[in-house]
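K.L.:
Okay, here's the structure, questions in a sec.
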Amino acid sequence: MWNSTNPNQLKGEKEKGSKEKVSKVRGGLAVKHLKISEAQKVYELYDFKEEIGHGSFGVVVLATEKASNKSWAVKIVHKNIAGASKLTEVDREIKILKTVNHPNIIYLDRVYESPKKIYMILELCPRELYAVWMDRKPFSEKMSKKVILQLADAVSYLHKTDIVHRDIKMENILLADNPADASDECFIKLTDFGLSIVKSGVGIQSLMSEYCGTVVYMPPEILAMKTYSELCDVWAIGVIMFMMLYGKYPFMDKTEEKIRAKICHDEPDYKDSGVGKEAVELLKDILKKNPVQRITASQIKENPWLSNKQHKRKEQNIVDMMKQFATESSPTGPRVRGLSILSEGLIQDSSTRLNQQKYVKRNESSHKTQEKKR
């Protein structure tokens, strides 16, 4: 597990004029959340420089910590401008970043909160993946592999801790300096957890229904206003992978309404002699419109295009989902109802639902047909 140690995290004393609230331990180190009476306290500790980003209710500023001379990206949120809804997102992001610990997820050092502003001290990442993509698209398969492997690993880590990002997109992936390899141009950091959520409940009770995200990265089940699982993040990985390899969005049109329709009903154009067969097959497994047929983030990591390990059968994800939703042993209980809701209720009308036996049989038959074609 990755740890980022620095002098501030190892300090035991409180800053003057502040009240300290320590989060859950993250990799042996705690994230401090300090309540301060006035913003001037922060300016006494950091030398603020130019603005490096901005949003509707705040800015991101480059700052140097005076004690260590270390550079940070400071996200400053204006409470009175943000409003209750956005402040909820900020609070959610802070809580999640306090607990996660992964080399490809943005690192939160500490938080200062005054009556009017919130200061999030984040690791500095000099580049944005989207900007690099716009300048160099399409990416080579080698570069694309590096990014997707790291992204899948970060998302797999989140899902294992019941965190769903819900707004994965190129604009929310930053590029940082790799401490282990100075020549690495593809060391990514997943950021912006404002729409993220920690799942609660088990089985079908863990499904989400809130409509959120960025349309061109959203899966059919969310656009159809149905319940959805963490596999919404996997779809977004597929969109990003397609963009890198093909230099364009997999689903694009002149209006948002037409984009939604394409995502729900059309298939991407995979015809490009420059993209290898294994990459195309992986994309097809990720961009499955039925989420039950979609592979998981962990399975993406194991794919032959990214690793040397043997590829899992496509049907394995269905089995995994059945196990996840098995809350009792009865073959007609929540186990079957959960699979039915996921496999068909997300996309199709409830009147067309099939029972588990027919569904699995149909998928086995489809899989065999696809294998013959290959």
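Every residue, even glycine, has its Cβ placed from backbone N, Cα and C.
OK, TrEMBL features for this one:
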| type | residues | note |
| --- | --- | --- |
| ACT_SITE | Asp167 | active site, proton acceptor |
| BINDING | Lys75, Glu171, Asn172, Asp192 | ATP binding site |
| CROSSLNK | Lys169 | SUMO2 cross-link |
| DOMAIN | 46-306 | domain 'Protein kinase' |
| REGION | 1-21 | region 'Disordered' |
| REGION | 352-374 | region 'Disordered' |
K.L.:
Taking only the Cα atoms, work out how far Asp192 (ATP binding site) lies from Asp167 (active site, proton acceptor), in Å, as a whole number.
P.N.:
8
K.L.:
The record lists Lys75, Glu171, Asn172, Asp192 as binding ATP. What's the largest Cα to Cα distance among them, in Å, rounded to a whole number?
P.N.:
16
K.L.:
Between the residue listed as 'active site, proton acceptor' and Lys75 (ATP binding site), how far is it from one CA atom to the other, in Å?
P.N.:
18
K.L.:
List the Cα distance (Å, whole number) between Lys169 (SUMO2 cross-link) and Lys75 (ATP binding site).
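P.N.:
Between the Cα atoms of Lys169 (SUMO2 cross-link) and Lys75 (ATP binding site), the distance comes to 19 Å.
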K.L.:
Quick one: what's DSSP say for Asn172 (ATP binding site), helix, strand or coil?
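P.N.:
SS state of Asn172 (ATP binding site) = helix.
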K.L.:
Compute the mean position of the Cβ atoms of Lys75, Glu171, Asn172, Asp192, which form the recorded ATP site, and then list in sequence order the other residues of that chain whose Cβ is within 8 Å of it.
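P.N.:
Neighbours within 8 Å of the Cβ centroid, excluding Lys75, Glu171, Asn172, Asp192: Leu174, Thr191, Gly194.
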K.L.:
Look up the residue listed as 'active site, proton acceptor' in the DSSP assignment and reduce it to helix, strand or coil.
P.N.:
coil
K.L.:
If you count other Cβ atoms within 10 Å of each one's Cβ, which of the recorded positions Lys75, Lys169 has the most?
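P.N.:
Per the Cβ count, the most surrounded site is Lys75.
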K.L.:
Between Asp167, Glu171, Asp192, which of the recorded positions has the fewest other CB atoms within 10 angstroms in the structure shown?
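P.N.:
Counting other Cβ atoms within 10 Å of each of the recorded positions Asp167, Glu171, Asp192, the minimum falls on Glu171.
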K.L.:
Averaging the per-residue pLDDT over the domain 'Protein kinase' (46-306), what integer do you get?
P.N.:
96
